[in-house]
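As recorded in Swiss-Prot, the features of this protein are as follows:
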| type | residues | note |
| --- | --- | --- |
| LIPID | Gly2 | N-myristoyl glycine |
| BINDING | 19-26, 63-67, 122-125 | GTP binding site |
Amino acid sequence: MGSVNSRGHKAEAQVVMMGLDSAGKTTILYKLKGNQLVDTLPTVGFNVEPLEAPGHVSLTLWDIGGQTQLRATWKDYLEGIDLLVYVLDSTDEARLPEAVAELKEVLEDPNMAGVPFLVLANKQEAPGALPLLEIRNRLGLEGFQKHCWELRACSALTGQGLQEALQSLLHLLKSR
């Protein structure tokens, strides 16, 4: 779909955000879009927003609903994407195995061959949030050697870590 170049030309990229329901995908989308906190409802289907990123990169961000009944459709959004952003709730330790299983299933899809991904460990501002190192170990990210990836801590609520996440996203796009 899109391409990112280093010659100063405007580049475009398709970025899909996935994760379990209530992970914070929609809040992150709109916080990045306008630095605003919005009231959200569970996403049925998807939200899509353009975002002009630093370095003359035009992103199309797809926020895909994460409820159990919607996950069967996730594969429909993977064809031709440039990057996957996988959002997880750092406070929901009980659902971490489910989040890991869903991420693995997405990454095994043939459309994901060579596609980089960024994992956002959201809700880091909350008491009881799992530390980044523990999340990294539990996700088994080192096992995904066919993909370039990064893991970032963030808080959609406060905005902490989102600009760094955007920089990681751009770095991963350029690694393709």
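Cβ atoms here come from the backbone N, Cα and C positions, even for glycine.
On the structure: features taken from Swiss-Prot.
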{"residue": "Gly19", "record": "GTP binding site", "Cβ contacts under 8 Å, 6 or more apart": "Lys25, Gly66, Tyr86, Val87, Leu88, Asp89, Ala99, Glu102"}
{"residue": "Ile64", "record": "GTP binding site", "Cβ contacts under 8 Å, 6 or more apart": "Val16, Met17, Met18, Lys25, Thr43, Phe46, Leu70, Thr73, Trp74, Tyr77"}
{"residue": "Gln124", "record": "GTP binding site", "Cβ contacts under 8 Å, 6 or more apart": "Ser90, Leu132, Ala153, Cys154, Ser155, Gln160, Gly161"}
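Cβ neighbour count within 10 Å across all protein chains ranks Ser22 highest among the binding-site residues Ser22, Gln67.
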